[in-house]
C-alpha cells in the first residue's frame with residue numbers, strides 16, 4: 001500500500017525485529033523477576049536500550065522510505081507512542097504485538113488455523129506481559145507478592161473468572177488489569193466466533209447437497225446458444 | 001417515517017443536543033466528584049437545568065411536528081421518562097444515548113466499522129456514567145470511597161470479572177451495577193458477533209472461488225434465445 | 001404431531017394454565033418472603049395445592065387424548081417429574097417454563113423479535129425463581145439474609161460477575177446457583193447469537209447487490225427453449 | 001487416513017478402551033475420596049495399573065500397525081504424553097477424552113445434536129475430573145476441604161462466575177483451575193456458536209423463499225439446447 005520499498009524493508013526487518021523483541025522480553029523479565037545487581041543489571045539495562053534502538057531505527061526507516069509519508073504517520077501513531085515512550089515500561093512491551101503479527105503472517109494458509117495459532121500466541125504473550133507488569137507495579141505494595149501469583153492472577157483475570165484472591169491496587173496495576181480484561185473479552189469473542197464459523201459451515205455442508213449454478217456454467221450455456229445461432233444463420237442461404 | 005419536518009428537525013437539533021449532553025455530563029460530574037460550594041455549585045445546578053430544558057424543548061418539538069403523533073408517543077415512552085424524571089439522576093444520564101446515536105449515524109458507511117466505533121463509545125460512556133452514579137450513591141456508605149475506585153469497579157463489573165474487592169450495597173448502586181452487568185453481556189455479545197461476522201465472511205471468501213450465477217446473466221441468456229427465435233421465425237417464409 | 005385433539009386442548013388450556021402458574025408463583029413467593037401465620041398461611045398452602053391440581057389434570061388429559069401415548073410419555077418425562085415431585089419446591093417452579101412457552105408462541109412472527117422477548121422473559125423469571133429458592137434455602141444459615149440480597153445475588157450470578165459478597169453454602173442453594181450459572185451461559189449465548197445473526201445479515205445486505213439466479217428463472221428459460229424447439233420442428237415439413 | 005488396519009483396530013478397541021477408562025475413573029475417584037486402607041487400596045492401585053496397561057497396549061498397537069508411522073507419531077504426541085506420564089495424576093485423567101471422542105462418534109447423524117451431547121458430556125467429565133484433581137491437591141493445604149466443595153468450586157470456575165469463596169493455592173490446583181477456565185471459555189463458545197448457527201439458519205429459512213438455481217438445472221438446460229442443435233443440424237440436408 002505504501003510502495004515496494006516498504007514491502008522489501010518488511011521482509012528484511014522481520015528476523016532482526018523478532019530477535020530484538022525476544023531479547024527485550026528476556027532483559028525485561030530478568031530485571032523484574034530476578035532484580036539483578038552489578039554486572040547482570042548493567043547487561044539487562046544495555047539490552048533494553050539496544051533493542052529499543054532497533055525498534056527506533058525500524059520506525060524511522062519505515063517513515064523515510066514510505067511513499068505517502070503523512071498518511072503512514074497518521075495511521076501508525078500507536079507505533080510512534082510505543083517507540084518514543086520508553087519510560088512507560090508496560091507499554092514498551094506492546095512491541096511484542098509486532099512479533100505476533102509476524103507469526104500470524106508466516107503460518108500456513110487456512111484462515112481458521114491462523115486465527116487459532118494467533119489467538120493462542122497472543123493469549124500466552126498477553127498473560128506473560130501482564131504478569132510482569134503487574135508484578136513490577138504491585139510488589140511490595142499489594143497482595144501480589146510472587147511472580148507465580150502474578151501469572152495465576154493474570155489467568156484468573158483474562159478468563160473473566162475473577163476470584164478476588166488477588167487484585168491490583170496501584171494505578172499501573174489496574175490499567176494493566178483493564179487491558180487484560182479487554183483481552184479476555186476479545187478472547188471469548190475469538191473462541192466463540194471461530195467455533196461459530198466452523199459449526200455454521202459444517203451445518204451448511206450437511207444441508208446443502210445441491211450446488212448452486214455458477215457464472216462459468218451460464219457462460220458455457222451462452223456459448224452453446226451462440227453456436228446454435230450460427231447454425232441457424234447458416235441455414236438461411238440454404239433455405 | 002414520521003414525516004419530512006421531523007427529519008429536518010433531526011438535522012437541525014443534532015449539534016445543540018450534542019453540546020447540551022456534553023455540558024450536562026460536565027456539570028453532573030463536577031457536582032458529584034468535586035462537591036463544589038458557593039458560586040460553582042450554583043453554576044452547575046444552573047447548567048443542569050439549562051441542558052434539561054434543551055432536551056424538554058427537543059422532546060416537545062418532536063411530539064408537535066410529527067405526523068402520527070400517538071404512534072410516535074407510544075414508541076418514545078423511554079424518551080419521555082428520561083425527560084420528565086429529572087430527579088432520578090442516574091437515569092437522567094441516559095440522555096447520552098442520544099449523543100451515541102448521533103455518533104453512530106455520522107461515522108462512515110461500513111456497518112462493521114460503525115459497530116466498532118459505537119461499541120467503544122457506548123462502553124466508555126457506560127463505564128463513566130455508572131462510575132459517577134455508583135460513586136454518588138455509595139460514597140460515605142459502602143467501600144467505594146474514591147472516584148478512581150468507582151471507575152475500577154465499573155471496569156471489573158462490565159467485563160464480568162467481578163473480583164469482589166468493591167461492590168455496591170445501596171439500592172441505587174445495585175441497580176446501576178445490574179445495568180452495567182447487562183451492558184457487559186451486550187459488550188461480550190457485540191465483540192463476539194462482530195468477530196464472528198468477520199471470520200464467517202473471510203472463510204467464505206476463501207472457500208468460494210466460484211461466483212454464483214446472477215439474475216442479470218440469466219436475463220442476458222433469455223435475450224440471446226429470443227434473438228435466436230426471431231432468426232428461426234425468419235426462416236419460415238424462406239422454407 | 002400427536003393429533004388434532006391435543007392441539008385443541010393446547011388452545012383451551014392456555015389461559016387456565018397461565019393463571020394457575022401466576023397464582024402458584026404468588027402463593028410460593030408469599031410463603032417464602034412473608035412467612036405468613038394463621039389464615040394467610042392456610043390460603044397459600046391451599047393455592048399451592050389447587051394450582052398443582054390444575055397442572056396434574058393438564059398432564060393427565062394430554063396423556064389420555066394423545067394419539068401415540070407412549071411416544072408422548074417418553075418425550076415428556078420432564079413434565080412428569082415437574083408434576084409428581086411437588087415436594088421439591090424449586091423444581092416445582094419449573095412449571096413456569098410452560099408459561100414462557102405460551103408467551104413465546106403468542107408474540108408476533110419475526111424469529112429474532114420472539115427470541116428477544118423470550119430471553120428477557122426467561123431471564124427475569126429465572127432470576128425471580130432462583131432468588132426465591134436460594135432465599136428459602138439459605139435464610140438463617142448463610143449470608144443471604146434478605147430477599148433483596150437474594151435478587152442482587154441472582155443478578156451477580158446469572159451475569160457470571162460473581163463478586164463473592166454473597167454465595168450459597170447449602171446443597172439446595174448451590175444446586176440453584178449452578179442452574180443459574182448455566183442459565184447465565186445460555187443468556188450470553190442467546191444475546192451473542194442474536195446479535196451475530198443480525199450483523200451477519202446486515203453485512204450480507206451491504207455486500208450482495210447481485211441477486212442470485214433462481215429456479216424459477218431457469219424454468220422460464222427452459223420454456224423459451226421448448227417453444228424454440230417447436231418452431232424448429234415446424235420448419236421440417238416446410239423444408 | 002493411516003490405513004485400513006488402523007480403522008479395524010479402532011472398531012475393535014472401542015469397547016475395551018471405554019471400559020478401561022470407566023474402571024480407571026472409579027479406582028482414581030475411590031482412592032482420592034475414600035482414601036481406602038488395606039485390601040481396597042491395593043485393589044485400586046492394581047486397577048489403575050491394569051487400565052494403564054490397556055492404554056499402553058492400545059498406543060503401541062496403533063504405532064505398529066499404522067502405515068505412515070512417523071507422521072502418526074508426530075501427530076499423536078499428546079497421546080504419548082498421556083500414556084508415558086502416569087505419575088502426573090491429573091494428566092492421566094485426560095485419557096477420558098478418548099471415551100468422549102467415542103461417544104461423539106456413536107451418536108446419531110445431526111451435527112448440532114452431536115455437538116450438544118458432546119458438550120454436555122465433556123462439561124460433566126471436566127467438572128468431575130477437575131474436582132477430583134483439585135480435591136487431591138488442595139486437601140489439607142487450602143480451603144477446599146470436602147469433595148462437594150470441590151465440585152461446587154469446579155462449577156463456579158467453569159462458568160467463569162468465580163465467587164472467590166474457594167480458590168486453589170497449590171501449583172497442581174492452579175494448573176487444574178487454568179485448564180477448567182479454558183474449558184469454561186470453550187463452553188461459552190460452543191453454547192453461543194450452536195445457538196448462533198441455529199438462529200442464523202432459522203432467520204435464513206424465514207427470509208429466503210426463493211430457491212437458487214442449481215448446477216443440475218443448468219445441466220438440463222444444456223441438454224435441451226444440445227437436442228435443439230441436433231434438430232437444426234437435421235434441417236440442413238432437408239434445406
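Glycine is no exception: its Cβ is also placed from the backbone N, Cα and C atoms.
Quick caveat, the model's predicted, so the values are computed rather than measured.
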With TrEMBL as the source, which of D:94-114, D:115-135 is set down as transmembrane segment?
D:115-135
Per DSSP, what is the residue tally for the domain 'Potassium channel' (D:124-200) in helix, strand and coil?
57 helix, 0 strand, 20 coil
Top stretch among D:12-34, D:46-65, D:115-135 for CB pairs under 8 A with the transmembrane segment (D:175-200)?
D:115-135
Who are the chain neighbours of the transmembrane segment (D:46-65) in space, where the CB to CB distance is under 8 Å and they lie at least 6 residues beyond its ends?
3, 5-6, 9, 13, 16-17, 20-21, 23-24, 26-28, 31, 72-73, 76, 79-80, 82-83, 86, 92, 95
